[in-house]
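S.K.: Sharing a structure with you now.
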Amino acid sequence: MSPAGCSHVNSFKVENWKQNLRVIYQCFVWSGTPETRKRKAKSCICHMCGAHLNRLHSCLYCVFFGCFTKKHIHEHAKNKRHNLAIDLLYGGIYCFMCQDYIYDKDMEQVAKEEQRKAWKLQVFSPALVSPYQYTMTGVGEKYSTWEPTKRELELLQHNPKRRKITTNCTIGLRGLINLGNTCFMNCIVQALTHTPLLRDFFLSDRHKCEMQSPNSCLVCEMSTLFQEFYSGHRSPHIPYRLLHLVWTHARHLAGYEQQDAHEFLIAALDVLHRHCKGDDNGKKANNPNHCNCIIDQIFTGGLQSDVTCQVCHGVSTTIDPFWDISLDLPGSSTPFWPLSPGSDAGVVNGESHVSGTTTLTDCLRRFTRPEHLGSSAKIKCSGCHSYQESTKQLTMKKLPIVACFHLKRFEHSAKLRRKITTYVSFPLELDMTPFMASSKESRMNGQYQQPSDSLHNDNKYSLFAVVNHQGTLESGHYTSFIRQHKDQWFKCDDAIITKASIKDVLDSEGYLLFYHKQFLEYE
């Protein structure tokens, strides 16, 4: 939003402009009574395409509603030279000359007054309002969630024929047609569409497309995809537009040959991140990628690297953003740890097998343990001012809301190409506290103690999706397990969705593991 104000509002501020603006806020934005809500639901459709969504805006000069996403309100502004419009969801004023939402003290005062009037007509409970809602009103005020009146409750009871969201509801479960070796894409789409915060973002129509051609925007297509998944339809969806856009924006994935699901995940997040730039709310980002787009809010964490000089023990620290954590496995050519007694390793038909039990926690311990860099990798120490041997240790500086663990099952080198089939046991609930940089610093200072419940909870995760690969490096197939509601699991094999048990999930090989934070704090 432009902080300096806008001179173009003067053309609107003519006789009775405040009254006209009040009518728009009362009838089509804040809607404080059942009558105005009915009027808004009936009247607020795009006058060009008839859509209810797509960020409807109302012209301030005439009676016209148009889609912001599809640029219909832009066409009206250009043809009629009506340069101001109001966002019917949040109440912000947009200037087509400035190409930005603008601030005007007088207009904001009208908006606040009409919003307060609307509150008085509703049952308002501050406890029901989340800080997230507080940041999205557009005028810096809170608003309440809908509370049905006694009459509305009676109407709901007398009209039972409606779709109910229950614990056994299958809304959100939908197969995907394999378009020719596209199982790598289908399994990632299943994981993303069942990521709770990502689902809430797209189903609330929060994306603000700023691309010249929305048809080339991957975020717009993902928004459509979420609408398809949660529409209640059960027939398999054909993701041909998604595949086309992926090929367009990630050329290395184009073609019908087999691709890697992990590579697709990172490419998809990268393109979504780039196409989400218009969704940044302008607030200071609280993640290492310094971006407030929905992708970085959910998936970005901070990895701390501490390099310690072996002579002066000086520490050089860097923090890098990450979207996933790639973990080495026993049986790879990368040194891991001595095999436990009774374990054995071998290679059969190009696949590496290791007997014995390895856990996800073991892999994380290995990932965060100090590593001696050796004489061939000396670095210049800022304390000694000379090249010295050092040790390097990785820890988690900031955890993402969704943590994705990539088990490195495919090994490619000049001499070797193989798949590692080592079984890795992974839990339904994961505590990342031992792998935090703060835990390491406490131990080094001799102050380590059992973390408090609140700190402990901040680092707790629950499993919600697993991607698996069956077959060999040369020929294989991807499937996924996804969690629906609290404890229902389903196996997604392209177009086929079947119910699965928790045992099925935990006994699977595991290639990509998706965990969601159990407790979230609004920032």
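Glycine is no exception: its Cβ is also placed from the backbone N, Cα and C atoms.
Feature table excerpt (Swiss-Prot):
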ZN_FING   4-121  zinc finger
BINDING   Cys6, His8, Cys95, Cys98  Zn(2+) 1 binding site
BINDING   Cys46, Cys49, Cys67, His72  Zn(2+) 2 binding site
BINDING   Cys59, Cys62, His76, His82  Zn(2+) 3 binding site
DOMAIN    174-518  domain 'USP'
ACT_SITE  Cys183  active site, nucleophile
ACT_SITE  His477  active site, proton acceptor
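A description of the local structural setting of each listed feature is requested, covering burial, neighbours and distances.
M.R.: Remark: His8 (Zn(2+) 1 binding site) has Asn83, Leu84, Cys95, Met97, Cys98, Ile102 as non-local neighbours, by Cβ distance under 8 Å and separation of at least 6 in sequence.
Sequence-distant neighbours of Cys46 (Zn(2+) 2 binding site) (same chain, 6+ apart, CB under 8 A from its CB) are His52, Asn54, Leu56, Phe65, Gly66, Cys67, Lys70, His72.
Sequence-distant neighbours of Cys59 (Zn(2+) 3 binding site) (same chain, six or more apart, CB under 8 Å from its CB) are Phe65, Gly66, Ile73, His76, Ala77, Lys80, His82, Leu84, Ala85, listed in sequence order.
Secondary structure at Cys183 (active site, nucleophile), as computed by DSSP, is helix.
Cβ environment of His477 (active site, proton acceptor): Cys183, His469, Gln470, Gly471 lie under 8 Å away, each six or more residues apart in the same chain. In the three-state DSSP scheme, His477 (active site, proton acceptor) is classed as strand.
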S.K.: Between the Cα atoms of Cys6 (Zn(2+) 1 binding site) and Cys62 (Zn(2+) 3 binding site), what distance do you get, rounded to the nearest Å?
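M.R.: Taking the Cα atoms only, Cys6 (Zn(2+) 1 binding site) lies 20 Å from Cys62 (Zn(2+) 3 binding site).
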S.K.: Using the centroid of the Cβ atoms of Cys59, Cys62, His76, His82 as reference, list every other same-chain residue with Cβ within 8 Å of it (recorded Zn(2+) 3 site), in sequence order.
M.R.: Leu60, Tyr61, Phe64, Gly66, Ile73, Ala77, Lys80, Ala85
S.K.: Using Cβ atoms only, which residues of the same chain lie under 8 Å from Cys49 (Zn(2+) 2 binding site) while being at least 6 residues apart in sequence?
M.R.: Cys67, Lys70, His72
S.K.: Other residues with Cβ within 8 Å of the Cβ centroid of Cys46, Cys49, Cys67, His72 at the Zn(2+) 2 site?
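M.R.: The surrounding set, listed in chain order, is His47, Met48, Gly50, Ala51, Asn54, Leu56, Phe65, Gly66, Lys70, Ile73.
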S.K.: Between Cys6, Cys62, Cys67, Cys95, Cys183, which of the recorded positions has the fewest other CB atoms within 10 angstroms in the structure shown?
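M.R.: Comparing Cβ neighbours within 10 Å for the recorded positions Cys6, Cys62, Cys67, Cys95, Cys183, Cys62 has the fewest.
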